[in-house]
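Annotation comment: Swiss-Prot describes T18, E37, Q45, Y50, V92, F127, D290, S331 as FAD binding site, evidence class sequence analysis.
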Amino acid sequence: MSGTKELYDVTLIGAGPTGLFGVFYAGMRGMKTKVIEALPEVGGQLAALYPEKDIFDVAGFPRISAKRLVEQCKEQADSANPDATYVFNQRVDKLNRLEDGTFELVTHTGERHYSKAVIITAGIGAFEPNRIPNESARQYEGKGVFYSVTNLPQFEGKRVLVIGGGDSAVDYALMVEPIAAEVTLIHRRDGFRAHEESLKKLAASRVHVKVFYELRRVEGDGNWVKKATIFDNRTGEETTIDVDCVIIGTGFKASLGSMLEWGLEIENKRQIVVNSKGETNIPGVYAAGDICWYPGKIRLIATGFGEVATAVNNAKAFIDPGSAAFPGHSSEQRNK
């Protein structure tokens, strides 16, 4: 879908849950829709980093895995917008306003896409793991050393070492604990930054927690990790343990990347400022989900759904001033 000047009503940048709900709502408004996603599939962070994680704070789902939520969001999007165009493995690097008021989106490979309105639903932006300064661990990346849990069954019956003290590390430890043979969690301090409820679950689990411990090195046979040496950072005393997998859960660093050069008003170099309509400071460009900011903003999947519905409705009014910003309820629309 590159090289043509086919014009879309709205283009969403990012196909996470917020973006997918935006596709659904754009379909409800009869908008010709395109989605550009830097990853090879829909789902954003949930699909790339936490597909096996259970989510508890989405209305209507007491408990749902991230993978299943993404599947449900895509199914919903397809139900209202089956003709939406998805473009994968493309990162939007440039956003240009053309003389006729429409937008040209240029990707990192030079593809050009055209749209009347743009909604940025890119989550936390581009992200990559915070790698620890340990050469032995880097040598075994993908060979037993992981930065996320994307395939839970591979940890079944395994001896797992998890490193970190934030939400990522604690979540990973709790995810693999029911199926792993043994789980050890080490943290360089005695204070954890994870959510209070997660820490309660950790305390009640069979995870071996060792504070003031860090990774010295990992060893293996060249094909897969076999051992890990950890040390007490107060005494320097080393302990070598047998491991089958090492999960480095030290979080991810995110960046807005080239979006910082688009002329958008940015909060703390991390989020795009929007008003109550989801509008940025550039007319016709909106933002929703974790990537947007306004006073009182709460970064939740649930709030992203409401934000993108607001953005889509106002984008519709922007490209078609004669249409209503609020079209009525979905039950009325779908039953016509």
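Cβ atoms are placed via backbone N, Cα and C, with glycine included.
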Query raised in the report: Given the binding-site residues T18, Q45, which one's Cβ is surrounded by the fewest other Cβ atoms within 10 Å?
Result: Q45
Report summary line: Should one count Cβ atoms within 10 Å of each candidate's Cβ, the binding-site residues Y50, F127 would be headed by Y50
Query raised in the report: Just how many other Cβ atoms lie inside 10 Å of the Cβ on E37 (FAD binding site)?
Result: 24
**Report entry** Intrachain C-beta neighbours of D290 (FAD binding site), sequence separation six or more, cut-off 8 angstroms
**Finding:** T18, G123, I124, Q271, R299, G304
Query raised in the report: Per DSSP, F127 (FAD binding site) is which: helix, strand or coil?
Result: strand
Requested in this report: Just jot down the residues in the same chain as V92 (FAD binding site), at least 6 apart in sequence, with C-beta under 8 A of its C-beta; none if empty.
Outcome: I13, I36, L105, V106, T107, H108, S258
